[in-house]
Amino acid sequence: MVMVMASMLSLSCSRFQSPCISCYNPIPSRRLTLFQLVTATIGIQQTQSQFFGAKGSEIFQASEANVASVKDQNLFNWVQNDSRRFLHVVYHVGDLDKTIKFYTECLGMKLLRKRDIPEEKYSNAFLGYGPEDSNFTAELTYSYGVDHYNIGTGFGHFGVVVEDVAKTVDLIKMKRGKITKEPGSVKGDNTIIALAEDPDGYEFELLERGPTPEPLCQVMLRVGDLDRAIAFYEKALGMQLLHKRDNPEYKYTAATMGYGPEDKNTVLELKYNYGVTNYDKGNGYVQIAIGTNDVYKTAEAIKLSGGKVVREPGPLPGINTKITVCLDPDGWKWVWPLNLFAYMRFLLCALGL
């Protein structure tokens with residue numbers, strides 16, 4: 001191999017009428033040395049097909065492709081091991097105080113924080129069943145003067161675990177809330193559920209289950225190609241396919257995906273209705289935020305998986321963090337803030353503290 005490389009370097013030197021590095025004055029200028037390195041490299045590339053033939057050139061190209069493939073696989077392996085969790089879901093409401101009242105009094109959520117940003121003409125509030133650094137939360141956004149939003153047909157529902165569905169339904173009725181499905185079991189499942197609507201028409205599926213650390217347990221979105229969506233969320237977002245079920249009687253197939261078992265974590269339910277490939281997303285539902293340890297690698301994996309990055313990774317002005325924003329193949333938006341809590345733990349471990 002050394003003799004081959006020597007011959008190739010020799011050929012490159014004679015071709016460009018320039019001596020190779022080993023033949024040159026022992027104290028060359030930096031510029032000339034760099035020129036010699038470049039010409040020697042070009043000579044090697046041009047000599048590949050002459051010295052080894054066309055198949056030899058193909059071997060070099062295949063080797064480069066293999067290197068790229070290994071790099072991509074390493075990136076997707078990193079995605080699988082990244083510290084990810086659902087942080088919050090963002091959507092618009094027409095009356096912030098009225099919605100807060102419904103969530104706290106009827107669904108048992110807690111108001112975690114509320115803020116008004118008059119210079120940008122909006123207010124928002126974070127609600128959930130535990131602290132933001134450990135639980136999934138709902139970020140409600142009210143834009144000044146806008147009291148109604150179109151939810152569209154693509155958004156499905158939020159799932160909330162309650163101790164007693166019947167009692168929760170009675171409470172919602174007493175508070176003049178709207179029940180769209182009375183309590184009952186799901187076909188093929190013993191779980192008791194009911195459906196309720198909040199003041200803006202967002203649907204909540206009430207599920208009767210045992211105690212869980214994450215009562216705000218589910219977000220359901222409709223997709224036009226379920227297999228494509230599953231592949232994207234597994235590869236680019238690092239989620240696991242927890243289960244998949246087909247319901248030909250009602251002409252739909254659903255898949256549940258997430259970062260851990262659904263009795264302890266928030267999950268994403270993707271629903272495909274037979275023959276429907278596009279949905280109206282409206283202007284009410286906005287996005288879900290997921291924490292990551294590296295927004296740059298996250299954006300790269302999304303691009304390689306067929307997603308679209310609509311905000312390149314980088315610092316967020318005015319806030320001490322970095323984010324990237326992407327769209328999945330169906331156009332659903334996902335925001336990736338740097339997972340500060342996980343990142344701090346990583347730094348502490350790295351420092352041995």
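The chain as shown is numbered from 1 upward.
Here the Cβ of each residue, glycine as well, is placed from N, Cα and C on the backbone.
Model, not experiment: these values are computed from the prediction.
Among the features that TrEMBL reports, active site, proton donor/acceptor is placed at Glu205. Per TrEMBL, Zn(2+) binding site is recorded for Glu139, His157, Glu205. Marked as domain 'VOC' by TrEMBL: 85-209, 215-339. Feature annotation from TrEMBL assigns signal peptide to 1-15.
Residue environment of Glu139 (Zn(2+) binding site) contains 21 other Cβ atoms, counted within 10 Å of its Cβ in all protein chains. Under DSSP, the residues of the domain 'VOC' (85-209) split into helix, strand and coil as follows: 24 helix, 58 strand, 43 coil. Around the Cβ of His157 (Zn(2+) binding site), 20 further Cβ atoms fall within 10 Å across all displayed protein chains.
Secondary structure of the domain 'VOC' (215-339), assigned with DSSP and counted as helix (H, G, I), strand (E, B) and coil, comes to 20 helix, 57 strand, 48 coil.
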